Structure formats: C-alpha cells, structure tokens
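These features come from TrEMBL:
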- 65-168: domain 'Ribulose bisphosphate carboxylase small subunit' (DOMAIN)
Amino acid sequence: MASTMFVSPTVARPTQTTLVAPYIGLRSAAGFPATKRHSTDLSHLPSNGGRIRCMLVWPIEGKKKFETLSYLPPLSDEQLLKQIEYLLRSKWVPCLEFSKVGFVSRDYHRSPGYYDGRYWTMWKLPMFGCTDAVQVAKELQECKKEYPDAFVRIIGFDNMRQARIITPIGKPGKGSSGDKIKACRPGQFSRFGRQVT
C-alpha cells in the first residue's frame, strides 16, 4: 500500500523593514544645556510681582469653628452686608438663628449621630420674599439687642434644594474669641483622646 504525500511549495516572503530605529536606552544628559540651581533659588517660579501674603491656619486647639467663613476674622458690618446681598442675589431665603452656647457638643448622649447644640433657635420667621439686605441687617441688630450674649447666624436657605447654603456668623457670642475646648471631668476622655486626670 503506497501512500501518497502531497507537498505544498513554501514561498518565502521578504520581511518589511521598519522605519523606527531600535530603542537603545536613555540618552545621557550631556547634550542638554546645563543650568544648575540651588534648591533655595526661587527665581524660576512665576510671580505676580507683589509680595506674598499668607493667612495663618486656624489653630487645632483653643478656638472653635463654625460653618461658613469661620476661618476668617469677624466680619465688619459692611462685609456682613455684602454677604447678605450675595445671599439675596443668589435667590436664597434669609433667616436668623441664635444660641447661647453656639457650639456642637455631645454632653448628654454618647451614641453616634447625636449632638447637642446642632439646632439653634430661629429669630422670628424666615424672610420669604425679602429683597433688601438692610432689612435683614435691622433684624440682626434687633436680635443682638434682645440677646446680647448669644451667637447669631444668618442662614441662606435654598428652597429648591431644601438646604442651608450659607451660614455666616452675624454676631459672635460672649467669650467666643479664644474659647478653650470644654473641660472634661476627671476620668473622661477629651475629644482628642487624652484622658483627663
């Protein structure tokens, strides 16, 4: 029994040459212009021509923070009026709230999510339809006169999103410039995890 074998001819095709040179590693920096700068030389950085003014960060102990603009010094009456005008231009509803304590704490309960002082007392009703910043400032003055030791904040409420958007402090409370963190009783842990003895 003879077997037949078919042989197919193999055709060799020439490989195409590549136009890209093979990778031979990193080139030495000898060909680049040599300009050595000291690490303290800042002349290559962009400048606006003025002297840089930086604001200090809020200290982690000794002062308590609020929500909007709490990192700035207290606002003057003019600056506060501009904040109220911004609030009204943004179509937010102004409202005043006040509180004797002013700071959120966890005095009477230790479960997560519970805080004392989170909600402040509202001064009158929200000023729906108010378009005059001076009217809000007059209400702020009335609240200051009625409660001289209380914190007063101005709320910008967005009725479309159903949320407070801006809450600058209109008047800091009594002794608020440099309040110490509330002292714990011996045996308790402070908010920084150190046990008070």
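Glycine too: its Cβ is placed from the backbone N, Cα and C atoms.
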What are the helix, strand and coil residue counts for the domain 'Ribulose bisphosphate carboxylase small subunit' (65-168) according to DSSP?
27 helix, 24 strand, 53 coil
Compute the average pLDDT of the predicted model within the domain 'Ribulose bisphosphate carboxylase small subunit' (65-168).
85
